[in-house]
Amino acid sequence: MRRRRRRDGFYPAPDFRDREAEDMAGVFDIDLDQPEDAGSEDELEEGGQLNESMDHGGVGPYELGMEHCEKFEISETSVNRGPEKIRPECFELLRVLGKGGYGKVFQVRKVTGANTGKIFAMKVLKKAMIVRNAKDTAHTKAERNILEEVKHPFIVDLIYAFQTGGKLYLILEYLSGGELFMQLEREGIFMEDTACFYLAEISMALGHLHQKGIIYRDLKPENIMLNHQGHVKLTDFGLCKESIHDGTVTHTFCGTIEYMAPEILMRSGHNRAVDWWSLGALMYDMLTGAPPFTGENRKKTIDKILKCKLNLPPYLTQEARDLLKKLLKRNAASRLGAGPGDAGEVQAHPFFRHINWEELLARKVEPPFKPLLQSEEDVSQFDSKFTRQTPVDSPDDSTLSESANQVFLGFTYVAPSVLESVKEKFSFEPKIRSPRRFIGSPRTPVSPVKFSPGDFWGRGASASTANPQTPVEYPMETSGIEQMDVTMSGEASAPLPIRQPNSGPYKKQAFPMISKRPEHLRMNL
């Protein structure tokens, strides 16, 4: 049976675009509060007098107010007594999760300092490879800016970022559930309630990005990861665009063709509505086994996206059919989600009528698939061609010039959650002595090509405000049952039963007919 080809995904590829598979990454850059100077001699003397009063029947320790305690700032520097130096040696390599032209992604265990013993994914990128291509530098910059700004239950977290002379290291949360793509590969297609769950969580992540003025532009199964419970985590922010608010458009041609909105292909100017088209294309992929418009090559695929009818299988419910038609409208202005309500418009559709949005955001809704994991280190949801390799981080034998390294200024990061976990270990009850302050493929996504070399890592509004051209409108027609081609398999596609949580191992490929997915979209096994 022919099967899907793995497309650009999360852990399986550290390089940014033209590669076998692609992983998530994000780079933070925050300025940690600097520790205050050491206490003065007067303060130390005062502390000495306090101890002396205790020794001679003075006030008891629990009679002191907080005014007798010295306050100090919790920061990476202060809690680690002059800071914990995050470096490659802080992590033990466990498995290879992915490999690409720019480096590797490892499963690692932290062996020193805060988070000792915890499992992470470590993405290693070669600086020399990144700086050779302005587009790849732009991808890194976009991910850094966005993941610095957004924190959401359905968006991936980055814990640490650091660098050596020739490499960048990104320490990410380990998402042991693997890619949503792998679930589609196993099941062939999803039942509507399964698709509804994933689409609902994804819509909340997209809505959060849009509130921040960010459009995603590369929604596809490979960029959606699952955590150990089976909840969605949106990854890979290299093609995002910032500062896109109401009335603002951008003209960059980028994305993955099969999921790209018509206005991107026509270069007529686009806004956040492109993400709702992509959600519709993803929904169609989940329910039918392939994106809505595919061709033998990119040109034919683009022609179909711009001109062809939307064929809807007869087994889809009326709610699913209606949502697909409203999301896959070629006229962006009339597309569901394009209005001021954004994600709220999509979430109010009857297809999501059974979703409790508050419980979903709190991750209290049980996912349809819960990964069967044996331990925290389980890598069964990742490609064995990587995980069976011996993990080796090659020597850092290359360095950049001082001017080239300027691109990576502000790279180092420690997540606030790490500082909070350390802060909890400190008691703020009054002490006898006040605490002292410490001293010191055809599926290759199309990348954006706009990049200002002098911009580097700084933030700022860069959105184009040019008036969009008026796009040529082709009517979107939908087919009836008579247009369904069922001759190849002798039967029409239909939803399949799926494994319920905790009811047994995952099924293997279950699609009952020859896959409708084009050869270049299938996994090579």
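The backbone N, Cα and C atoms fix where each Cβ goes, glycine too.
As annotated by Swiss-Prot, ATP binding site applies to L97, G98, K99, G100, G101, Y102, G103, K104, V105, K123. Counting every protein chain shown, the Cβ of V105 (ATP binding site) has 29 other Cβ atoms within 10 Å.
Residues or ranges marked as compositional bias 'Acidic residues' by Swiss-Prot: 30-46.
Sequence annotations record features per position, and here Swiss-Prot assigns domain 'Protein kinase' to 91-352 based on sequence analysis. Mean pLDDT for the domain 'Protein kinase' (91-352) in the predicted structure: 90.
In the shown protein chains, 17 other C-beta atoms lie within 10 A of the C-beta of T252 (phosphothreonine). For T252 (among others), the entry in Swiss-Prot reads phosphothreonine.
Annotation for S394 (phosphoserine): no spatial neighbours, criterion Cβ-Cβ under 8 Å with sequence separation of six or more. For S394 (among others), the entry in Swiss-Prot reads phosphoserine.
Under the heading phosphothreonine, Swiss-Prot lists T412 (among others). Around T412 (phosphothreonine), taking its Cβ as the centre, 18 other Cβ atoms fall within 10 Å, counting all chains.
What Swiss-Prot lists as phosphoserine is S434 (among others).
Feature annotation from Swiss-Prot assigns phosphoserine to S441 (among others); the stated evidence is a large-scale study or a structure entry.
Summarising the annotation, Swiss-Prot assigns phosphothreonine to T444 (among others).
Annotation comment: Swiss-Prot describes S447 (among others) as phosphoserine.
Here Swiss-Prot flags S452 (among others) as phosphoserine, drawing on a large-scale study or a structure entry.
Summarising the annotation, Swiss-Prot assigns N6-acetyllysine to K516.
Summarising the annotation, Swiss-Prot assigns motif 'TOS motif' to 28-32.
Mapped onto three states, the DSSP output places V105 (ATP binding site) in strand. The Cβ neighbour count for G103 (ATP binding site), using a 10 Å radius and every protein chain shown, is 25. Of all the binding-site residues listed here (L97, K99, G101), the one with the fewest other CB atoms within 10 A of its own CB is G101.
Farthest C-alpha pair in the ATP-binding residues L97, G98, K99, G100, G101, Y102, G103, K104, V105, K123: 14 Å apart.
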